[in-house]
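The domain 'C-type lectin' feature in TrEMBL is assigned to 12-132. The feature region 'Disordered' is assigned by TrEMBL to 80-104. Feature annotation from TrEMBL assigns domain 'EGF-like' to 132-167. Annotated disulfide bond per TrEMBL: Cys136-Cys146, Cys157-Cys166, Cys202-Cys229, Cys265-Cys292, in sequence order. Per TrEMBL, domain 'Sushi' is recorded for 164-231, 232-294.
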Amino acid sequence: MSLLNAFGHFFTECWSYRYSDETMTWDQARAWCRAYHGDLVTMKNQEEIDHLKTLLVPRGGRYWIGIRKIDNNWKRVDTNEPVTNEDTNWGRREPNNYRDPSNPNRKEDCVEWLYWKWNDLWCGSNHYALCYTASCQRHSCVHGECVETVPGHRCQCTEGFDGDKCQHVNAEPELTSPPKGDISCTGMDGDFAFDSLCRYSCEEGYELSDPEPLRCTATRNWSHPPPTCEAVQCPGPPHLSNGTVSCGDDPATRFSYGNNCTFSCQDGFELQGVVSMACTHSGEWNAAPPTCEGVKADQMDDHGIIPNAE
């Protein structure tokens, strides 16, 4: 056995070619190739043909290749794809299905490579096997189609993916930490690559508008809009009979974390309890609400004012 390789070694991730040192029939040649985890060369493009010519010119010879007539159509045996007029390399006046008068039943259903052109031939003839080991492997392209080139391969990525193995899809827009919060992303191929997850967290006193993590999808979009960190809300303080409660002028923040509510009573009433209370990070007020209690007559001066009352 002889080995041809553009790199001088056999690699499973690059194209390699083998030819036999002994001649054999077409079926024997294919079996010999497949024993080495490859197949007969099918010459899918002119680039491959030119490459093989460069490698084999010093040796010469006639070689079986992986083209055969199946159901009256010429096909590549490794993929069972029909040979089209655009990708053939037939010699002049070939294929001609020549019948030897002495053996008229011998059909020329196989193809040899003769003088760098295809020639249909009886499959029982004896020639060298010309094999290849494909560059494309099962996991060559993570999200795309592997396309054989000479030597090697390239990945034709599914829409939305990129990278040498179609392993990347960077979601847009790039995520940033929200005000009063943080973001943590994890993914095998990068923080914002396909299938990566981004989880948000908030500072004390703030909570996420949506706790579900974001996932990078194949469409380059995030699974849903990023959340925001909203201030924890305390329940509205109860109505203060005979008094007023002041929690600020902004309705959106009146009962938010860190905000204060102050209390005062009408004339003739005295505040019992705290003057103000603050909304804490747990969503509770830091004190019980006060009450306004009526003042007894003996507590007032001649003008109806409570001495020293705030």
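Backbone N, Cα and C define each Cβ position, glycine as well.
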Integer Å distance between the CA atoms belonging to Cys166 (disulfide bond) and Cys229 (disulfide bond): 35
From Cys136, Cys265, Cys292, the disulfide-bonded residues whose CA lies within 10 Å of that of Cys157 (disulfide bond): none
Other CB atoms within 10 A, centred on Cys146 (disulfide bond): 19
DSSP three-state assignment for Cys166 (disulfide bond): coil
Under 8 Å by Cβ from Cys166 (disulfide bond), counting only residues of that chain that are 6 or more apart: Cys141, Val142, His143, Gly144, Cys155, Cys157, Thr158
Whole-number Å value for how far Cys202 (disulfide bond) lies from Cys136 (disulfide bond) (Cα to Cα): 47
Cα-to-Cα gap, Cys265 (disulfide bond) vs Cys146 (disulfide bond), nearest whole Å: 80
Secondary structure content of the region 'Disordered' (80-104), with strand meaning DSSP E or B: 3 helix, 5 strand, 17 coil
Disulfide-bonded residues compared (Cys136, Cys202) - the one with the fewest other Cβ atoms within 10 Å: Cys136
Distance from Cys146 (disulfide bond) back to Cys292 (disulfide bond), taken between C-alpha atoms, in Å: 80
Model confidence over the domain 'Sushi' (232-294) (mean pLDDT, whole number): 95
Cα-to-Cα gap, Cys202 (disulfide bond) vs Cys146 (disulfide bond), nearest whole Å: 44
